[in-house]
Each structure stands twice: as structure tokens, then as C-alpha cells.
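One structure is given here, and the rest of the page talks about it.
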Amino acid sequence: MADFLPSRSVLSVCFPGCLLTSGEAEQQRKSKEIDKCLSREKTYVKRLVKILLLGAGESGKSTFLKQMRIIHGQDFDQRAREEFRPTIYSNVIKGMRVLVDAREKLHIPWGDNSNQQHGDKMMSFDTRAPMAAQGMVETRVFLQYLPAIRALWADSGIQNAYDRRREFQLGESVKYFLDNLDKLGEPDYIPSQQDILLARRPTKGIHEYDFEIKNVPFKMVDVGGQRSERKRWFECFDSVTSILFLVSSSEFDQVLMEDRLTNRLTESLNIFETIVNNRVFSNVSIILFLNKTDLLEEKVQIVSIKDYFLEFEGDPHCLRDVQKFLVECFRNKRRDQQQKPLYHHFTTAINTENIRLVFRDVKDTILHDNLKQLMLQ
């Protein structure tokens with residue numbers, strides 16, 4: 001009977017895997033699982049839409065990223081909102097210190113001389129304390145300074161200094177928070193969605209946010225825009241689908257915080273010229289966001305862009321004329337005018353509905369261009 005039994009070698013040929021040891025079977029299972037994972041990852045990477053947010057410091061990149069979380073993510077729960085409270089308190093104290101210092105340097109008299117003591121109190125704030133150095137202020141500390149801040153903001157001297165803010169560096173959201181001191185001073189204060197959008201903390205390093213729209217994976221990458229942070233940009237250039245280049249359109253009359261000499265719009269134009277003419281991005285759709293339209297609309301009423309850009313033609317107090325000029329300034333930075341079209345949008349990053357509508361159009365543009373690239377591969 002034994003003569004009719006097939007040998008082990010015949011069995012292994014006829015039924016591979018039947019005689020595998022438990023260790024070999026486990027190894028084979030793991031190998032198949034790894035192959036599946038690699039296949040899924042390859043499919044994911046091929047479908048992934050990687051969007052790079054670029055632009056000079058304070059152009060609105062981080063605010064735009066917050067909006068993506070609000071619109072396409074899980075929004076900010078109570079715990080996440082509370083984490084912004086120390087940053088907001090820091091924004092207020094830093095902003096008031098800037099105004100007190102500016103009032104003195106601009107030789108603006110106090111409306112009420114007794115506010116000098118409040119000004120001295122603000123300037124004595126220890127900015128080198130551990131939390132303050134990180135751009136955060138505890139509730140307990142903020143409440144100690146709140147009466148002084150409230151008195152100073154009501155002083156005509158500080159108000160006059162604020163009116164001349166283009167002559168020094170002041171955060172754009174300072175007025176919003178100073179106008180809401182009562183809310184900020186409540187013991188159970190929890191930042192609102194608008195508070196979070198206006199809270200300012202400089203971006204250090206690289207921040208990514210992943211989300212899906214109709215089963216299409218998106219990865220949005222925000223890199224610091226200050227000069228010291230731009231060397232990190234090159235770390236993010238791999239496999240980029242699209243670049244959203246943000247510009248603070250209202251800053252045509254302001255200078256950089258870094259050197260206090262270079263015009264901010266000129267700086268943005270120079271950065272854009274480097275990006276748009278880089279061969280690495282020859283197949284990447286570049287979309288220009290002329291941001292802070294709300295502030296630009298206010299500014300053109302009182303400041304003439306022609307005083308800063310002599311080549312401007314048109315009505316300097318007409319928003320549409322100024323916006324048309326800004327678009328042309330950026331278009332003219334492209335050396336190859338025959339390359340892919342330059343898309344542009346006028347945005348207000350703190351306005352959720354505006355960003356929702358704009359990004360809907362941007363998403364369609366990106367996906368359309370991405371599909372064309374995939375078909376050419």
C-alpha cells in the first residue's frame with residue numbers, strides 16, 4: 001500500500017503550500033499583507049492631491065489652513081478652542097505694548113496723562129518669561145493687565161497711534177481683540193471660531209493637514225513664510241500637485257518686519273518670481289490668492305498705491321483698478337508667458353464662506369489639471 005503513496009516531493013509540487021511549516025505559512029501571509037499595503041499606498045499616492053501653501057510671512061497661509069479644517073475637517077472642539085486662549089491673550093498684550101511704544105516714538109500726547117502709569121505697566125511686562133517667550137500668556141496674568149489695557153485702548157493718544165499703524169508693525173487682528181475685551185475678560189472665556197481664525201502665531205517648521213473630498217485624498221502643507229523659514233520650503237517640493245501662493249494684497253504701503261526696509265508687496269513679487277519660473281514646477285498648477293480683500297478695500301479709500309508703485313495707472317482709490325494692477329504685477333513675473341495659465345482669486349481668509357466658495361473652484365481646477373497630467377503619464 002505504501003508503494004502507491006506519492007513522495008513528499010511530488011506532494012509539494014502538486015500542492016504547494018500544503019506542507020508549509022507554520023513559520024513559512026506565517027511568513028507568506030505577512031508577505032501578501034505587505035504587498036497589499038504597498039499596492040494600496042501606491043494607489044493612494046497616485047490619487048493624492050498635495051497642495052503647497054507658499055507666500056511671505058503674514059499673508060494668511062495658516063488662517064487658510066484653519067479654514068480647511070473648519071470646512072473639510074472636524075472643526076475645533078472645545079479643547080482645541082481652549083488651546084488658543086493663551087495665544088489670543090499674548091496677541092492682545094503684545095499689540096498694546098506696540099501701541100504704547102509707538103505713541104511715545106511718534107510724540108503723540110496722552111488723552112489722559114494718568115494713563116502714563118498704565119503704559120509703564122504694559123512696558124514692564126516680562127516678554128522673556130517662559131510662556132510669554134513662546135507667544136502665550138496665562139489667564140491669571142492676562143487678567144492682571146486687563147484694567148490697564150482697557151484704559152489705554154480708550155485713550156485718544158493710543159487711538160491716534162493706531163490710526164498711524166502703517167508707520168510701524170502691528171498685527172491686523174489687534175483691533176478686533178481690543179474691541180472685545182469684555183468677552184476676553186470673562187472667567188469662562190472660550191475662543192470662538194472667528195477668534196481662532198484671527199489668532200496669530202508665527203508658523204515654525206512644516207504643518208500638514210490631511211482631508212478627503214468625495215473620496216479624493218488631499219494633503220495641504222503650510223510652511224513658515226518669514227525669511228528664516230523659507231529654507232524649509234525645498235523639503236516640501238516632492239510630488240506637489242498644486243501651489244497656492246498667498247499675497248497680502250493690502251500691504252502695498254508696508255515694510256517687512258524682518259528688515260523694516262523692503263516693501264511687503266515687492267517681497268511677495270520677488271518670491272513669486274522665483275517660484276513661478278522654477279523648472280521643478282513646470283507641470284504644477286500655480287494659483288494666486290490675493291488675500292485680505294477686506295483690508296485692501298478699506299486701505300484704497302485713504303492710501304494711494306501710486307505713492308509706492310509709480311507705474312500704477314488708473315484710479316488709486318478704485319478697488320477694481322488696484323486689483324487689476326496687482327494681478328498684472330504678478331503675471332509679468334512669468335518669463336514664459338506661454339506656460340500654463342495663472343489662475344487667481346481675490347480672497348478674505350478670515351471669511352469662511354468666501355474660502356468655501358473659492359476653494360470649491362480651486363479644487364475643480366486642481367483636479368482637472370491633475371487628471372490631464374495622469375493621462376499624459
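Cβ coordinates are placed from backbone N, Cα and C, and glycine is handled just like the others.
For the residues Cys14, Cys329, Swiss-Prot attaches the annotation S-palmitoyl cysteine to Cys14, which does not rule out the feature elsewhere. Per Swiss-Prot, the phosphothreonine annotation among the candidates Thr203, Thr348, Thr365 falls on Thr203. The feature region 'G5 motif', as given by Swiss-Prot for the ranges 5-10, 257-262, 347-352, sits at 347-352. With a threshold of 8 Å between CB atoms, the same-chain residues lying at least 6 positions outside the region 'G1 motif' (50-63) that come near it are 172, 197, 200-203, 207, 218-227, 229, 233, 236-237, 239-248, 251, 256-258, 264, 267-268, 271, 275, 289, 291-292, 347, 349-350, 366.
Listed by sequence, the residues of this chain that lie at least six past the ends of the region 'G5 motif' (347-352) yet keep a Cβ under 8 A from its Cβ atoms are 60, 63-64, 67, 70-71, 193-194, 197-198, 246, 289-294, 358. Cβ neighbour count for Thr203 (phosphothreonine) (all protein chains, 10 Å cutoff from its Cβ): 19.
In the predicted model, residues of the region 'G5 motif' (347-352) average a pLDDT of 95.
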